[in-house]
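In TrEMBL this protein carries:
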- A:32-204: domain 'MacB-like periplasmic core' (DOMAIN)
- A:270-388: domain 'ABC3 transporter permease C-terminal' (DOMAIN)
- A:725-814: domain 'ABC3 transporter permease C-terminal' (DOMAIN)
- A:32-53: transmembrane segment (TRANSMEM)
- A:263-286: transmembrane segment (TRANSMEM)
- A:361-383: transmembrane segment (TRANSMEM)
- A:403-421: transmembrane segment (TRANSMEM)
- A:433-455: transmembrane segment (TRANSMEM)
- A:482-505: transmembrane segment (TRANSMEM)
- A:725-743: transmembrane segment (TRANSMEM)
- A:774-801: transmembrane segment (TRANSMEM)
- A:810-829: transmembrane segment (TRANSMEM)
């Protein structure tokens, strides 16, 4: 070593840093643009990680408030003597509550709205407080005929605190406006606004009549020494026998926590997938970068640079790009975090403010850095294999992939798996999540590939020159067409599936929107009220249709096996415990058809075993078939029945449908209620009819389905925002990646354009070739996403929602039409200056 | 005289798609300090392969190469890189300047690799010698082909190499520029006492060197100037 020379790691890094900086001149924008696609993925990881931590903290801080008690035991019928005995030994405080639905009438504005009534015993909730305006209303409303009313409801009817609200036969003073109820997400208020009254005034309303749907419950506050969970565990069997259900704080927290963890895990993994796809784009770019630099690397090696020194140069560039992605990603992620609570607030039972979650930020940044770095490093390791001899050769064999490259990609998959397992807390679920996402991307990739092959074939079928070249340009080496099709396709897929699912859900109510179909339902009409209610309806211009009797009943036994024994089987508990609101008819309606057996429409009143018809899904849930016997408890009287037919029911029709249909002739004398529906012409007519009906029949409930569908649509809109957020992120990442790929190949394109123009192509033709390429890219990406979305929607419609999967095919067309103009615009903006550059400048290298 | 490069019975064989190609056979020669030599031959004759072997960029199938007293076969890649960095210079047909580095930065590159101080001053002096001191902050894209090759020559001489390998140094230049580059190359070569081994198609350039080797089908033969002139006439 000559005097003054420096060697070793420090020198190598210093020299490499200087060269890395110099080498990046003029290419920093390109590098940073690529980093941006990674930054978007990291930003989502940071935002969702922090958001998940915010939610967990919010839940942890308000565990008991979620339930308002240590234990709540529910029943769908008044607690039996045995049930009371079972609960008597429970120590501490107890509060009784009753929940039921009714029309709440606001005399001042003369409006009636279907509401959920909560009649609360003294002291409930034991934990947490109902936030009201005025603040002390929650503490004093039980001291008289006073009611707390949901703010949403007051706003809807234009009522104020201090005015009156009428529930059945009792008038209450609106004592306070409910702003927040512990454990109740705001969306619940929109679908069913709540009114709180004291339990002492329930009887005065006269609403709890025979056959009314009421949920009874006892809430308990235990002394610290008492273990409620252990008590439930010990008495589970007896509770089930008495058809009681229960919630403990731990179960409630676990359930909400699990739901939220699953949601954030899914979102995080999808974000990670976006990061991975963006990262693959970057890997492609680095691969191209290395290819471009091969000769330079050879020269450096000739000049005496060691492999280590050369690798460090490019490693520093990649690390800088990745660090930039992490810094930008963290900053953007922290910004996004501020908006996320608002997206989920409607569905989350606890309000919370976003706070800085250092650990989550560090974790997300760490994962993001590792993944991004490995993805960028994989193509970089090829630098090691560049021979200095390449400086002398005109044609080069590209360096082959080696084991280190495969190790990098292997590490990426491993890191992803570890992340998935950590996020879901289960190797199995994490693995399944990962497999699911890989399968989704695999299918997207295959679809993209098939479409690409098809496009190539089509281009050979005598297309005009510009179109042919446009298609060919799609598949130039560093275009990353397939990656772009996958990532943009994923965005389109999410948007189209979301849109499709929504139209399916709303489509179930499409009858409501049809002019002649019923859009108004009234139910819980007592026998002695029926004639007057029907008369009112006719007077108000609404002809009652489908006047149907309803007889509530419960399952006592199936094939002689008691409910207690059945609860120990794998038959869903809800199907065994629920109250079956059934009907009887001589003929089946238009919206149902027998698929097995034969429907019996009429029987003699003294028949011993009544032939009944079951809806096919409930039959499957109850694990029964034709010939099986059900013992039904009809208002205390056991009735032996036999399944003689199974029906397929169109639930989405507006006709009254039931799980169990009896023949005429047997239930006519049983205690029953009626319902009917009709067609109203306007919201005003509905309001008038509701007012007129409940004026003298306060227990009757009515609903305007048109309004309900609108509300439901609004809720779906809010529920969709999280997925839309992810879809938007995918699209943005894809577009950033597209911009980057474009920049990457800019000089190659510039040369090709100049050459084409030199050979006689007109600027218009060159421009058309480029625009064709971008239009096709947008179209192919859209098609990739939409093809999959159509398949996904078909499966959803067929197996989950069980409705027509494509009520509005337009929903798939809209995203299809959005992306191509976007890519076209991007292509135009990025190329217009290239078209203007004189060819000679380009060929001389003077651009 | 000091022995700078000794090539002894070197052969190089490439295996390609199931068949082997002998690019070089039984090649031997020795270059001494201050000598200049040219290797001529048609395309594909093995010139570049021989140059790569002599510079320690590749390894022979058989035979031995001793560069500046060091047995190249016994050295690791790192040691060969260090040797090139300290004592070897390169000039390429396509100049191979780093496009993102200025002329000055390109010239200082080998000294910076060595970690030597005052690289910049030495580079400016050399750029001055090649007549480009005032263009030192220009990027390669802003220089003509001849200027780029002058920068490459300055880069090749910055570490005062004991041997310089030049691959068709005038191959991409017009006649007038070629002559100026050739003069510059030989002047610096003389001034610094560097040994020069160049490969070229240009017999005029080759004749300016002290020794001339002709390579054909992997066989190397040394020719006298008289033999070269006969060959030229025959062509």
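Using the three backbone atoms N, Cα and C, a Cβ is placed for every residue, glycine included.
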Original post:
Quick one: do the transmembrane segment (A:263-286) and the transmembrane segment (A:810-829) reach 3+ CB pairs under 8 Å, ignoring pairs fewer than 6 apart in sequence?
Top reply: no
Subject >> Recorded stretch that, among A:361-383, A:482-505, A:810-829, has the most CB pairs under 8 Å to the transmembrane segment (A:403-421) >> reply: A:361-383
Original post:
Which bits of the chain, at least 6 residues beyond where the transmembrane segment (A:433-455) starts or stops, bring a Cβ under 8 A of a Cβ in it?
Top reply: 265-266, 269-270, 273, 277, 416-417, 420, 424, 471, 474-475, 481-482, 485-486, 489-490, 493, 776, 780-781, 783-785, 787-788
Subject >> Helix, strand and coil residues within the domain 'ABC3 transporter permease C-terminal' (A:270-388) as assigned by DSSP >> reply: 103 helix, 0 strand, 16 coil
Original post:
Residues of the same chain, at least six outside the transmembrane segment (A:482-505), with any C-beta under 8 angstroms of its C-beta?
Top reply: 273-274, 277-278, 280-281, 284, 440-441, 444-445, 447-449, 451-452, 712-713, 716, 720, 723-724, 726-731, 733-735, 737-738, 741, 777-778, 780-786, 788-790, 792-793, 796-797, 801, 803-808, 811-812, 814-816, 819, 823
**OP:** Please list, for the domain 'ABC3 transporter permease C-terminal' (A:725-814), how many residues fall into helix, strand and coil according to DSSP.
**Re:** 77 helix, 0 strand, 13 coil
Subject >> Long-range neighbours of the transmembrane segment (A:810-829), counting only residues six or more past its ends (CB under 8 A) >> reply: 488, 492, 495-496, 499-500, 502-503, 731, 735, 738-739, 742, 770-771, 773-775, 777-779, 781-783, 785-786, 789-790, 793
